[in-house]
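> For reference, TrEMBL lists these features for the protein:
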BINDING   Cys14, Cys50, Cys81  [4Fe-4S] cluster 1 binding site
BINDING   Cys165, Cys169, Cys172  [4Fe-4S] cluster 2 binding site
DOMAIN    5-118  domain 'MTTase N-terminal'
DOMAIN    151-383  domain 'Radical SAM core'
Amino acid sequence: MDKKRIYYLENLGCAKNQVDAEVMIAALDDRGWTRTMEPVHAGLIIINTCGFIEPAKEESVDVLISFRDAFPDAAVIAAGCLSQRYAEDLAESMPELDGIFGNNSVSMIADYADRLVSGEPQIVRAPALSEIEPKFIERDDVLAVGRTTLLSGSSTAYVKLAEGCSNNCSFCAIPIIRGTLRSRKPESILDEIKNLAGSGIREINLIAQDLGSYGIDIDKKGRCLLPQLLKDIEKISGDFFVRMLYIHPDNFPLDILDICSESDRIVSYFDIPFQHASAPVLYSMNRSGDAEIYMELLQKIRAKLPDAVIRTTFLLGFPGEKKKDVEVLERFIRAAEIEWAGFFAFSREEDTAAYEMEGPRKHKRRFREAEKNVEQLQEIQTAITAKSLSRFVGRSFSLLVEEGVEEEDLYLCRAWFQAPEVDGLVVLHAEENYLNPGDFVEAEITGINGIDLEARLKK
């Protein structure tokens, strides 16, 4: 086999990047390329980078350098968010790269790959959205619907409802990297879910930069189409459940609560990135909420769905944040009793509105303080999470087996209230050796260990 047409793909970043990687795999396979799991056998290496915040950018650059140095005979392409956002900088600082691809139309990777192996010149810039023909965007959609290689295992899949974002939060680089909101047609999404369910996928995670904005750009009346989409998903045959990830609190469609309450398929898991609770900080973030508004939203969710599980994220050290703002946030965290929460120090990103709010020296001082606050609030949250999860002890759930622990009678699993990678796990104690990753088993929760749960097979 011609090594030139064997490729290796290294994926970095979020679930949305993962879907992009899966579409790239589908495009290359469709063009006759062969994927290898060992980069030493590849003539082409693709690094699907992340460029959202500074640590992710640093990791992406390190990985690019590592692969370039380790495999000098292979062609190396930088794809993904970092290469879309910093194409010119990468071309100048890393001329040893063979191509810079971006992420505006990931199915075009096959054309890029063919061009590279044909001996044509390096590709040193990622195309802007305005430069991409509609047929390529449509092909992205077709390949997403029919993709068969999933990087999340044999039972779990992510389905992207939209690309880009138009919320324009002042700290966020997503509109710069991925453009404004572009929703997929409901018919295409439903076809994708039908295919996934038909192939045996049991866990489907709906993703977008903001599910609460899905459809407002394609509906004639500017309505969110998420509620209707969920109703249509209910009609699809198959044994699977659906989790929603990423709903902006300002756009939360309350209609979905009734749908969840009547559904055995749409789980009551809501990923709502509040980011803060202090009104002045949220205003500076270009968000309209505050602690009172967010508490009211949580009360509405829990009144309709008493077993609902909430995940959120909070951003510390935003320009202008004062000690009293952090105190407001701490009071909110204690009162809200949210099940899952992540805390992050503000990353100053070029070309965002927040970038100009404070200079680098002040940001550096604020960042150090933010890291301390992150640690303190995370400690508080860990106790809240354990308390919130205690209601599941003594109850039985269907668990998804993720992996077995060698030489121990243990399996790492997840329940419906634990999203992949970001939440805790269920440690299943079982002497049975027939369980495999991707299996679903009935088990009873027997205890709590930190943010993880303990369970035994239901007899």
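Glycine is treated like the rest: Cβ placed from N, Cα and C.
Where the annotation comes from TrEMBL, it is an automatic prediction and has not been curated.
Give me the structural setting of these features: burial, nearby parts and distances.
Cys81 ([4Fe-4S] cluster 1 binding site) is surrounded by 28 other CB atoms, counting those within 10 A of its CB over all protein chains shown.
Non-local neighbourhood of Cys165 ([4Fe-4S] cluster 2 binding site): Cys172, Ile174, Pro175, Arg178, Thr180, Leu181, Gln209, Asp210, Ser213, each in the same chain, at least six residues away, with C-beta under 8 Å from its C-beta.
Taken together, the residues of the domain 'MTTase N-terminal' (5-118) have an average pLDDT of 86.
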> Of the residues in the domain 'MTTase N-terminal' (5-118), how many are helix, strand and coil by DSSP?
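Once the DSSP states are binned, the domain 'MTTase N-terminal' (5-118) shows 61 helix, 24 strand, 29 coil.
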> For Cys169 ([4Fe-4S] cluster 2 binding site), write down the residues of its own chain that are at least 6 apart in sequence and whose Cβ falls under 8 Å from its Cβ; none is a fine answer.
Gln275, Met285, Asn286, Arg287
> Beyond Cys165, Cys169, Cys172, what residues of that chain have CB atoms within 8 A of the centre of the [4Fe-4S] cluster 2 site's CB atoms?
Asn167, Asn168, Phe171, Ala173, Ile174, Pro175, Gln209
> Measure the Cβ-based neighbour count of Cys50 ([4Fe-4S] cluster 1 binding site), defined as the other Cβ atoms within 10 Å of its Cβ.
21
> Including all protein chains displayed, how many Cβ atoms other than that of Cys14 ([4Fe-4S] cluster 1 binding site) lie within 10 Å of its Cβ?
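Cβ-Cβ neighbours of Cys14 ([4Fe-4S] cluster 1 binding site) within 10 Å number 18.
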